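Asks: For reference, the structure I am asking about is given below.
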């Protein structure tokens, strides 16, 4: 696996407080010359392809860290074996983060056992035992990957017995990855325990010695077990998880260069709350999720945007845009907005032309990643508090209108 490092960057006291853990960081890779600054959104990729867009059409401002869920590749194992590796198979040159589950695919209960766990794909459940998981990681050769875990802990439906199995199995899967020489580096540890503080602390206590004894192998932490993935996570209340995350951060305070992440469909207002909680890396699946539904991002991420709507987003697949002569968003510098009108993109959708979805995705990728650029700039210039208020106010007004 490629050499990779992560380090956090100190901010002024007025930006980071005891109740606000926002931080800057830098990801450095041996495979690419450019450092990736955090907080950052990844580029969501399914089976080696960015949905609806070819790599040459991806906007320049998009972070080139690919998020490739394990479930999107498990059915291609035979093809990967024939090619020798995923890199040879897909001709990908960018660093890869391989989460165990897909943020877009809802999980179902009952997919774990003592020696296996399951990933859910559009064609159903795919069972992975420890050996099959190892083989898949060896074939993909991700830059960073998340270990297998249980995580089947639905809120208000989980017994102590189920919690115990969740902890025991997840620890066993983690130990197995750490002990396997060929896949024992650049690991993201899934922290499980559902919505039960005691269970989450028990699990962290269970694995704390593994973290301290394997600092060079462990790259970061992913907060798991809070939800069942899929579309419902767009509306999750991040602040309801604040106490869980803060307690974990306190226990891991000596490991300041551990990267923090959590799988979610990260709506922009939740991104703000996530950064307040100290998250560094964000799933990029939200862009695919909204683009699939013809949603256009229009929220104001800087003072230069002059939106043609007061809303944070709108659906271009509406008759009111059939004769729209404006771009998707006024003063937007993305390829779609500089070259096409609302009416043309509406026409493409109505005629079921793939180009329509492509142009929507290009705009949303540009807008979403420009948002993260502004987040990092506000952290650097000590204007984070003002910036977060600007974003949250827009979503607060929209929610009141609904």
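Using the three backbone atoms N, Cα and C, a Cβ is placed for every residue, glycine included.
According to TrEMBL:
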BINDING   332, 334, 337, 363  Zn(2+) binding site
DOMAIN    21-395  domain 'tRNA-guanine(15) transglycosylase-like'
Asks: For the binding-site residues listed here (334, 337, 363), tell me which residue's CB has the most neighbouring CB atoms inside 10 Å.
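Replies: Answer by Cβ density within 10 Å: 363.
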Asks: Specify all same-chain residues, apart from the site residues 332, 334, 337, 363, whose Cβ lies within 8 angstroms of the center of the Cβ atoms of the Zn(2+) site, ordered by sequence.
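Replies: Near the Zn(2+) site, the remaining chain residues are 327, 328, 329, 333, 335, 336, 338, 362, 366, 367.
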Asks: On the 0 to 100 scale, where does the mean pLDDT of the domain 'tRNA-guanine(15) transglycosylase-like' (21-395) fall?
Replies: 93
Asks: Report the same-chain neighbours of residue 332 (Zn(2+) binding site): residues 6+ apart in sequence with Cβ closer than 8 Å to its Cβ, ordered by sequence.
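Replies: Counting only residues 6 or more apart in sequence, the Cβ neighbours of residue 332 (Zn(2+) binding site) under 8 Å are 305, 338, 363, 366, 367.
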